[in-house]
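Positions annotated as compositional bias 'Acidic residues' by TrEMBL: 25-40. If you look up TrEMBL, you'll see 43-60 marked as compositional bias 'Basic and acidic residues'. The annotation domain 'P-type ATPase N-terminal' is assigned in TrEMBL to 75-145. According to TrEMBL, the domain 'P-type ATPase A' annotation covers 174-238. Annotation comment: TrEMBL describes 892-1146 as domain 'P-type ATPase C-terminal'. Among the features that TrEMBL reports, region 'Disordered' is placed at 1-60. The feature transmembrane segment is assigned by TrEMBL to 116-133, 139-161, 339-362, 389-408, 923-944, 956-976, 1006-1030, 1042-1061, 1073-1097, 1117-1140.
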Amino acid sequence: MNTERDSETTFEEDSQPNDEVVPYSDDETEDDLEDQEPAVEPEQNRVNREAEENQEPFKKDCTWQVKANDRSFHEQPHFMNTKFFCIKESKYANNAIKTYKYNVFTFLPLNLFEQFKRAANLYFLILLILQTIPQISTLAWYTTLVPFLVVLGITAIKDLVDDVARHKMDKEINNRTCEVIKDGRFKVAKWKEIQVGDVIRLKKNDFVPADILLLSSSEPNSLCYVETAELDGETNLKFKMALESTHQYLQKENSLATFDGFIECEEPNNRLDKFTGTLFWRKTGFPLDADRILLRGCVIRNTDFCHGLVIFAGADTKIMKNSGKTRFKRTKIDYLMNYMVYTIFVVLILLSAGLAIGHAYWEAQVGNYSWYLYSGEDATPSYRGFLNFWGYIIVLNTLVPISLYVSVEVIRLGQSHFINWDLQMYYAEKDTPAKARTTTLNEQLGQIHYIFSDKTGTLTQNIMTFKKCCINGHIYGDHQDASQHNHSKAEQVDFSWNMYADGKLAFYDHYLIEQIRSGKEPGVRQFFFLLAVCHTVMVDRLDGQLNYQAASPDEGALVSAARNFGFAFLARTQNTITIIRTPEGNIRLYCKGADTVIYERLHRMNPTKQETQDALDIFASETLRTLCLCYKEIEEKEFQEWNKKFMAASIASTNRDEALDKVYEEIEKDLILLGATAIEDRLQDGVPETISKLSKADIKIWVLTGDKKETAENIGFACELLTEDTTICYGEDINALLHTRMENQRNRGGVYAKFVPPVHEPFFPTGGNRALIITGSWLNEILLEKKTKKSNILKLKFPRTEEERRMRTQSKRRLEAKKEQQQKNFVDLACECSAVICCRVTPKQKAMVVDLVKRYKKAITLAIGDGANDVNMIKTAHIGVGISGQEGMQAVMSSDYSFAQFRYLQRLLLVHGRWSYIRMCKFLRYFFYKNFAFTLVHFWYSFFNGYSAQTAYEDWFITLYNLLYSSLPVLLMGLLDQDVSDKLSLRFPGLYVVGQRDLLFNYRRFFVSLLHGVLTSMILFFIPLGAYLQTVGQDGEAPSDYQSFAVTIASALIITVNFQIGLDTSYWTFVNAFSIFGSIALYFGIMFDFHSAGIHVLFPSAFQFTGTASNALRQPYIWLTIILTVAVCLLPVIAIRFLSMTIWPSESDKIQKHRKRLKAEEQWKRRQSVFRRGMSTRRSAYAFSHQPGYADLISSGRSIRKKRSPLDGVIADGTAEYRRTVES
């Protein structure tokens, strides 16, 4: 049934929400869900509407024109668009695609332009320009240029590698070949040479090169089977069918070459499942829809060849229209890190301004009166201070770390590979590894507050098994023998008598087999006959064996069950329809659907109605998915009248879907109930354990499903999301609570409301375990998202005066404020519950719920699903996870992370997510610390050099500090560090809360790191300064010169920051140790080399510290000074860490302390599943998947098979095939 039609009655103001229906169709726009006001006066609105109703079909929307076999038609002037000034090009794209961004000439300028759009890169470019001004800079230009080039180069190489791969892919695709009619014959042509209007031939296993209209094929009635894996990830076959006229007349090459059809259709768009157009040929118009169109990216299967007319090419094809940019997701740490960089920049400005003022004062008091400082320029102190401001901006620029962003990307890339390489998240059964499809969100996996999960295929296996059925009020499927006696010992039915049985069905009721084989019960045979013919399953033969291609696992299970019970579906013929003429000459309608929909359409006199309802309750209590089957005898006259209406509706050029729905409604009534099926969809392995561990990590789990309330509730108990002591609240319960809360808030409002601080009042008393189960209808009722009939919109009155317009605006604002407050109250209420289950919700509602929690709770969200209906939710959440299951790959292709089983989610979050968060936090804290410790030495030195912007280090040391001397250890810590092992992370989920509460990286931690860096810089400067004030070397020399002083500070700094990261490291490996001591050794090696006489001879202006290192470091007291400086820097840190771990240990510290004992203990085991006794019976829904049927085929009287089927009792010419099944 059409759910949109039902929803209009559901959402009337005076009606109660219906738990059993999906509230509205997802094809509606957001505007359809809100009260709209016409933008014109009522009279004008009426005139416009009448004009629209009277205009010719497709004149409004169908402006894309295609002429077959006529390329010159599409080059006419009125099809040309101005691209640049007077340069024009056709609006019809050629078929060559271009996904690359650069070519040989544009790579360097475009890539640099993109990189300089980043604020940090632009900042360092400005610094580099300032360093070229000699009056400002006291620092060599290469100190900024070298690290800047390294950063730009790494990013450019990464972009180049990606773009080269895109170039290769584009070239491979554009040079594929197919046959195109040229000069009256089919000739081989490359894809990039195809144009709109060309007629092409495709063969079996060929990719479709463009969006084409199917004209004919080698199959009977020009059916064409396609695989759409590249479009939606689904591997099951779908079929397309040509128009009858093109099928009859366009089979041969010469007829295709002379084909001159003209098409008017919609403009290129990204809607894969929609197409509207008309083919004008032979003075007749033929309506076109998506069933006639083969989309680019599909693969021809089980069809020897087919012919098509190119409608959309290249960039205009639907798959290319869908390849737009995905919304870029950023982590919470990203935003925080940016704000902290801005803070550092402000600190840099303030320090530089303060030191510039100090220099101006010093110049006025000292510099102007010191003849030996005269520079030859008579500049004022204020001007010199101004120049020194920019000088200090350059000297202190390393406060803003140039390599920070590149280092973060390297760490994230490594963490993503660790997820991809994790064998414990590899699903061997389907050879599916975990996949990090993004590299920017890893640390956010350690901060999740809410998980929004689909049910079918995500919590369950989505592998359906036929378990039981009810036929004429009798339940089959228990352990019974042929005499209808129950047995405790299960003996599986032997289907060897059936040549078509696949041997995969495990069934234990021998009595049902006896009933089928004996033929004594016609209702049983009719039941399975209905299952065998009323579906959308495709069939093909592989090695002589039947192979079913089902649109959903539900359909596959039912058709396979009918096959095993002796009713094998062999091929699609005119007999495989749901309105058939029986051998006795009677016309019968077969129908199936959800019980709620079927029961509304049953005849009042149904003898087995109550028995079937009781059976449904029993099936639901066993968490089985149910479906009702029914039929109807139709009189010849009634059918003929209905068939005329059906034929008229099926060729309607406007509002075709609405017309067909109206016709279907006429015949879908007074049905006779035949029985019900029960299918089992088992939980995936490890779901209860995963949910339990995630709950202990203080992560709240919301289940969002389209299934019925009873089914969702039963699954909630099965996966232990709900337990025996859980108090369940339903939509009607919380509606009253929310109404009371709104009344209280309204009463507290008023003139002084803005001066009263908001008071947070809990909805429920503290204590107790509560869960919320709410349906989509109640969700719309509570969130004020009720649909308004379009007919009501036209009755709205228009404001005539300014006062009325003002009042209307105020009223609208009040309604918006009420809606926002109601939504916030709902989120507050739902978040007080330990679990929330939203059932009978649409994909749009799933995304809306996620967005509400993001908006009002400011919490990090994760959405996980496996089907196309979960894509919207996955894209809306901060992190989207796709399950590669039975419903195709659309969810995976839209996700940030993917794997095969729900149970891997606990490892993704509790292990990889937590580790990534801890590593990133440690990395950032240390990175800011080491840069402040390094840079602020210049600040202290300024007090002793007249604030002259002189550097405290050698220029080459400044250049290489972040590139070589301190980069590798911090990168390795960001990649490899772990506080506890993966097993202990899973065993103690409570460790996860540090990320949720932002305990390891926040503004307080940031300022502590900065303070640590400030204190370290003071120690690094003042201890060597004190040691150098009055010193004499062993040889009587006094190495208290500036260069020796710089070497001493630099050596102490390198040892300190590298040993500091050793203190921060929790997980020691050989690589970590080697990187720390290797960095120190590398520093001394490079320093001695740069201070050698040889390199000074080669580059005298660049290397001026000749002999400094060897002269200074041979003095024992210099080494004593370095050791003393390092000790004073590190010993307080060691003491504080020791006291912290002893007096205020964290959970991680406690586990680390007892990790040896914990390893020896037995691993955590799943608690016993809870069985809820005395619970009310619940009926589960049957989630049924549909696709368009064979109405056009059967109504035309054509046969798919070349040979007539043995069953000749099928309606002849002019009959309608009724392929539509009842939807829930």
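Cβ atoms are placed via backbone N, Cα and C, with glycine included.
Curation does not apply to TrEMBL; its annotations are automatic.
Mean pLDDT for the domain 'P-type ATPase C-terminal' (892-1146) in the predicted structure: 89. Taking residue pairs at least 6 apart in sequence, the transmembrane segment (116-133) and the transmembrane segment (923-944) share fewer than three C-beta contacts under 8 angstroms. For the transmembrane segment (1117-1140), the most Cβ-contacting stretch among 116-133, 139-161, 389-408, 956-976, 1006-1030 is 1006-1030 (pairs under 8 Å). Among residues of the same chain six or more beyond the transmembrane segment (956-976), those with a C-beta under 8 A of the stretch's C-beta atoms are 139, 142-143, 146-147, 150, 398, 401-403, 407, 410-411, 414-415, 919-920, 922-923, 926-927, 930-931, 934, 1046, 1050, 1054, 1057-1058, 1061-1062, 1064-1065, 1067, 1069, 1071-1072, 1075-1076, 1078-1079, 1082-1083, 1086-1087, 1090, 1102-1103.
Beyond the transmembrane segment (1006-1030), the same-chain residues lying 6 or more positions past its ends with a Cβ under 8 Å from any Cβ of the stretch are 340, 343, 925-926, 928-937, 939-941, 944, 952, 1040, 1044-1045, 1048-1049, 1052-1053, 1056, 1117, 1121, 1124-1125, 1128-1129, 1133. Packing against the transmembrane segment (389-408) from elsewhere in the chain are residues 118, 120, 123-124, 127, 130-131, 133, 136-139, 144, 147-148, 150-151, 154-155, 337, 341, 344-345, 347-349, 351-353, 355-356, 920, 923, 927-928, 931-932, 934-936, 938-939, 942, 949, 951, 958, 961-963, 967, 970-971, 974: each is 6 or more residues past its ends and has a CB under 8 Å from a CB in it. Beyond the transmembrane segment (1042-1061), the same-chain residues lying 6 or more positions past its ends with a Cβ under 8 Å from any Cβ of the stretch are 926, 929-930, 933-934, 937, 952-954, 957, 965-966, 969-970, 973, 1016, 1020-1021, 1023-1025, 1027-1028, 1076-1077, 1079-1080, 1083-1084, 1087, 1105, 1108-1109, 1111-1113, 1118, 1121-1122, 1125-1126, 1129-1130, 1133.
Residues 120, 123, 381-382, 384-386, 388-390, 392-393, 396-397, 399-400, 404, 928, 939, 942, 946-949, 1003, 1006 of the same chain, all 6+ positions outside the transmembrane segment (339-362), place their C-beta atoms under 8 angstroms from a C-beta of that stretch. For the domain 'P-type ATPase N-terminal' (75-145), the DSSP counts in helix, strand and coil order read 30 helix, 9 strand, 32 coil.
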